[in-house]
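What Swiss-Prot records for this protein:
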- 226-285: domain 'LIM zinc-binding 1' (DOMAIN)
- 286-343: domain 'LIM zinc-binding 2' (DOMAIN)
- 344-403: domain 'LIM zinc-binding 3' (DOMAIN)
- 404-461: domain 'LIM zinc-binding 4' (DOMAIN)
- THR33: phosphothreonine (MOD_RES)
- SER68: phosphoserine (MOD_RES)
- SER141: phosphoserine (MOD_RES)
- SER164: phosphoserine (MOD_RES)
- SER186: phosphoserine (MOD_RES)
- THR188: phosphothreonine (MOD_RES)
- SER194: phosphoserine (MOD_RES)
- SER403: phosphoserine (MOD_RES)
- THR407: phosphothreonine (MOD_RES)
- 3-15: motif 'LD motif 1' (MOTIF)
- 92-104: motif 'LD motif 2' (MOTIF)
Amino acid sequence: MEDLDALLSDLETTTSHMSRLGAPKERPPETLTPPPPYGHQPQTGSGESSGTTGDKDHLYSTVCKPRSPKPVAPVAPPFSSSSGVLGNGLCELDRLLQELNATQFNITDEIMSQFPSSKMAEGEEKEDQSEDKSSPTVPPSPFPAPSKPSATSATQELDRLMASLSDFRVQNHLPASGPPQPPAASPTREGCPSPPGQTSKGSLDTMLGLLQSDLSRRGVPTQAKGLCGSCNKPIAGQVVTALGRAWHPEHFLCSGCSTTLGGSSFFEKDGAPFCPECYFERFSPRCGFCNQPIRHKMVTALGTHWHPEHFCCVSCGEPFGEEGFHEREGRPYCRRDFLQLFAPRCQGCQGPILDNYISALSALWHPDCFVCRECLAPFSGGSFFEHEGRPLCENHFHAQRGSLCATCGLPVTGRCVSALGRRFHPDHFTCTFCLRPLTKGSFQERASKPYCQPCFLKLFG
């Protein structure tokens, strides 16, 4: 900064000296003597110096040094001493600017690298336009102009440096509403340029900071909404909140198939998100009939899980009603099919036995079916007779065996008389004509009827 102050002091001294030279007052055309070959040169020099002084007063107003008033000086001889003084002053100014440029080159590059190139281009275009407007147009002269030192390169370099410093000062006074800006890189020593990686990183951070500040001034929130549960980086835009954490929408993925779960439903298992397909395929119970995952309603029976539409009778395929189901070898059956297939059968009607039954003759019987197989009469007193595996009443039992009295038709339980291929009670074996008992055992037979000897002789003798 000391070199800059010295440069400004020398510039002000040179400008004051040029101002004291003054500009020649314009005279009426008729009183002027014919100008020398270079008569237009002092007017051009004074115009340039006045224009340059005005521009510099405008550009370097931040120095806040008073300007000496312009004294009214007499007309100077054309381009005699003023050109020499101006040339010496400009040479001195060029030398000082070269020294300043060599000293502050790295600082200028570092400051300029922190601003977009569009600002520099716009600033240079505005400076060129302002210089074009401030400098008066000089008509072309038929006489060749003498060569003299030019201040264009030196003043442009100084203007660019001052514009960079002004932008840097404005950058330091940004409003506090935005995020804190990264600190400016410290100036490096001459001959040791900063690494390109640090310069590009600083420029990128500065541009991001300016963008966030602009968005904050426009009312757009740029504060981080937490760290992403996947990449562990701050979230500034859209956010997905799930499982007690925040996620970038593109990072909230299914743990099975890596499908984005931003706006769809998901399931959680051990702290990890899953899409419905992966969750059901991996963790849902399987149906005992079709072996497919169960997604909605489920029936639990026989130690396994079932789809409601698949929990049905394995025989007829009908769903179970209010009567429930019966199980056989781990398979469910409806009541009708279970009894039809596995219930004990009645020996009389061959139907399934549901409730009470009678066990007799090595078989099971419905109480209503255990009757005499000939007359279908129930057994009185609970006693029955068996003949060839069939339950019979006493009469039909003796009838089947031939043990009924041929006279009275009642069973012969005690002593009996066997004659004519039949059995008789002893009291009922009598003569057919006189009805006398044939106790002595002698009788005559005629047409399968017994007769005593006298009656037989009497009737058929």
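Each residue, glycine too, has its Cβ placed from N, Cα and C.
For the domain 'LIM zinc-binding 2' (286-343), residue counts in helix, strand and coil come to 8 helix, 17 strand, 33 coil, using DSSP. Summarising the environment of SER403 (phosphoserine), the number of other Cβ atoms within 10 Å of its Cβ, over all protein chains shown, is 16.
Around the Cβ of THR407 (phosphothreonine), the same chain contributes PHE424, HIS425, HIS428, PHE429, THR430, each under 8 angstroms and 6 or more positions distant in sequence.
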